[in-house]
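Structure, as structure tokens:
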Amino acid sequence: MEQICDIRPKVTPVCLSEVLEGLSWDGPAEAGKVKVSGVSVSTHDIDKGWVFVAIKGYSHHGIEHAAVAVRHGAVAIITDSEGATRVGEGFPVPVITVADPRSAVAPIACAIYKNPAKDLVTATVTGTNGKTTTTYLLRALLGVDHPHAALCGTNEVSVGQHQIIASRTTAEAPVLQRFLASAREQNLGGAVIETSSHALSLHRVDGICFDVAGFTNLQHDHLDYYGDMDTYFAAKAQLFTPGHAKRAVVCVDDKWGKKMAQVSQIPTVTVAALSQSEADWQVSDIHADQESMRTVFTLTGPEGQTGQVASPVLGEVNVQNCAVTIVCGVQLGYDLQDAIKAVEGAKQVPGRMQKVNPTPAPGQPLVIADYAHTPEGLDWTLKSVREMTSGKVVIVFGTDGDRDPSKREDLAEVAARRADILWVTDENPRTEDPQSIRDYLIRGVKRVRPDMNNVTEITTCRRDAVRKAILNSTEGDIVMLTGKGIEWYQDIENIKHTYSDIDTAAEILERDPRREEK
């Protein structure tokens with residue numbers, strides 16, 4: 001798999017004074033004449049002739065890496081007054097100060113790469129759950145006219161022949177602008193970007209005015225960063241303003257969706273998928289087709305237009321994602337039936353209700369990997385899984401360390417209420433004590449099962465939990481591996497150890513003695 005630095009669209013060098021036009025800046029007189037051909041906020045992703053933007057972070061200042069940036073080819077440094085003071089006089093390249101380097105990055109990148117979003121059909125989605133799935137569905141939708149539309153999100157950055165493992169949900173502004181410029185350069189026609197609340201708060205998507213923006217839901221997450229739900233909501237709401245998007249599709253299944261529709265400052269249509277909320281578009285007659293293993297529903301528009309949809313992604317929760325995507329298509333001018341057909345033909349979303357063994361061998365359970373990591377998301381997922389089988393629902397789950405602890409007990413309570421058999425294990429402990437994290441989960445489990453019936457805590461490793469869950473389940477059961485999805489690592493003490501739920505489960509299933517007995 002390639003790296004972000006491999007995305008290198010052709011750029012005509014431009015004077016720094018032109019790049020900084022519209023920004024208030026201070027620096028040596030000759031700085032404006034310096035020609036630049038790229039911009040980065042990371043010394044791991046910089047090239048000759050680029051400008052390095054040194055931003056003050058939570059634990060250190062980017063100016064500490066200015067010398068490294070110059071060694072890698074940076075021809076100018078942009079920072080704040082603190083950064084300029086720390087670097088001192090006599091630095092080998094011009095040092096320019098701006099009031100807020102973080103908010104300056106996107107306009108600088110837009111100027112260097114010539115606002116590529118304006119030459120593409122662009123779509124985005126935000127929300128707590130469903131973003132990644134919806135971006136894959138949106139790419140399938142844009143594929144009606146643009147078969148090779150680019151994608152940038154949690155799972156991957158895909159543009160033309162470049163396919164890169166993503167390091168975060170929404171890339172930094174320079175990477176996004178290079179991504180879009182590369183899509184334009186290759187005549188891909190369209191691009192889909194997954195927009196997180198952090199990306200909005202940190203100005204990563206500034207300078208992009210999406211043709212359509214979708215909203216799925218807002219649920220308990222990231223409160224370690226935002227403090228409360230109102231602040232979290234306000235971050236998401238920034239997307240639905242004239243500078244960020246032209247039109248919106250908002251799911252009003254929860255109170256936050258209703259509020260988003262009210263505060264949206266751009267033309268907005270609403271969708272009710274899993275509720276009876278009043279909306280422009282309504283979903284009805286949701287049911288599971290056991291033969292095709294798809295969730296089927298009817299979508300009806302404000303003018304009476306109707307279509308039946310067979311979701312390509314398992315589970316009732318994905319009805320919301322499909323409905324938002326299809327209505328986004330209608331807002332972009334697609335015929336309803338064409339939009340439905342495109343969504344139904346979407347490929348499996350990696351790590352989202354992904355069947356590890358689509359056709360289980362005799363005696364083996366069906367194993368599904370999913371990213372569900374919030375109480376609401378897990379509740380939806382397990383409810384859908386319950387409808388898919390008459391056997392037992394088995395779950396392997398943990399929760400992240402160094403992240404919002406307030407959701408942990410609620411997450412475990414959902415698992416105890418919805419699943420038959422629980423295997424409590426570790427996810428990404430990071431620098432937290434794994435036992436301490438599991439203790440939170442056990443407290444949540446005991447709200448429902450004080451006797452810990454059919455609950456096993458695995459203190460060794462996640463691989464053991466997956467192995468025991470699979471080998472102790474049988475034909476007709478469904479084993480859910482939740483929380484990691486497509487992740488390729490397990491973060492322990494800030495070291496990313498190679499690990500994949502999907503690969504681990506596939507290996508266990510392949511070596512399962514029951515395969516040889518049949």
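Backbone N, Cα and C define each Cβ position, glycine as well.
According to TrEMBL, the features are:
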type	residues	note
DOMAIN	125-328	domain 'Mur ligase central'
BINDING	GLY127, THR128, ASN129, GLY130, LYS131, THR132, THR133	ATP binding site
MOD_RES	LYS236	N6-carboxylysine
DOMAIN	351-485	domain 'Mur ligase C-terminal'
Binding-site residues near the residue listed as 'N6-carboxylysine' (Cα-Cα within 10 Å), from GLY127, ASN129, GLY130, THR132:
GLY127
In terms of DSSP three-state secondary structure, what is the assignment for LYS236 (N6-carboxylysine)?
helix
Within the domain 'Mur ligase C-terminal' (351-485), count helix residues (DSSP H, G, I), strand residues (E, B) and coil residues, in that order.
51 helix, 25 strand, 59 coil
Of THR128, THR132, the binding-site residues given in the record, which has the fewest other CB atoms within 10 A of its CB?
THR128
Candidates ASN129, THR133: member of the binding-site residues with the richest Cβ shell (10 Å):
THR133
Extra residues within 8 Å (Cβ to Cβ centroid of GLY127, THR128, ASN129, GLY130, LYS131, THR132, THR133), ATP:
VAL125, THR134, THR216, ASN217, ASN321, GLY377
